Amino acid sequence: MTFDKTIPKATIKRLSLYYRIFKRFHSENIEKASSKQIAEAIGIDSATVRRDFSYFGELGRRGFGYDVKKLMNFFADILNDTSTTNVLLVGVGNIGRALLNYRFHERNKMKIAMAFDTDDNEQVGQTTSDGIPIYGISSIKEKLIGTDVQTAILTVPSSKAQEVANILIDAGIKGILCFSPVHLSLPKGVVAQYVDLTSELQTLLYFMNQEQF
């Protein structure tokens, strides 16, 4: 299947939402869903749903709705959720520990396979209650040998983010989910997504203030 190469980032960011909604519809034994139903479930307008879906070819027929099981499988495929994706985590501070305790594999086919921190961190050498080993960062290349891990979650102080990113890239990591409020300098072939909790909270507060006027 050939997709439009100019898919907007806003559309791409909604793909996981569509996948989640179709999984929910499927669990509720809903076989067909209209663009209006999908839009209401996500909190957008139906025109946006139809426009988003148009980038991926013919996903449904006007007046007939969308086949829930078919679309659930479609989004699982393009989001690579048909087989388990192992990821690693660097930084076992407060955010890192919270993510280690979040059981991704129970909700999606993602699993934190190992975690890393500075070699002198007291947690190095330990294993979490879910069996995730914690290693010193200097051993990352060695630990990745023979694994399929190409994705990393980065939860380190901003001042260390680029340095650690360089270590990850040198070890063969191709994708980084960064919780540090900095923009990483990355070589071609390596991609990053950023989670800035402060920015998201400030945006929320802005919208809350707008509602008061």
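Placement of Cβ uses the backbone N, Cα and C atoms for every residue, glycine included.
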Range annotated as DNA-binding region in Swiss-Prot, from 17-56, 137-176: 17-56
Cβ neighbours of Val92 (NAD(+) binding site) where a neighbour is any other Cβ within 10 Å: 24
Nonlocal residues around Gly91 (NAD(+) binding site), in sequence order (Cβ under 8 Å, 6 or more apart): Phe116, Asp117, Leu154, Thr155, Val156, Val164, Phe179
Position of peak Cβ density within 10 Å, selected from the binding-site residues Gly93, Gly96: Gly96
Chain-mates of Gly91, Val92, Gly93, Asn94, Ile95, Gly96 with C-beta within 8 Å of site centroid, NAD(+): Arg97, Ala98, Leu99, Asp117, Thr155, Val156
Number of helical, extended and coil residues in the DNA-binding region (17-56), per DSSP: 28 helix, 2 strand, 10 coil
Sparsest-packed among the binding-site residues, when each Cβ's other Cβ atoms within 10 Å are tallied, from Asn94, Ile95: Asn94
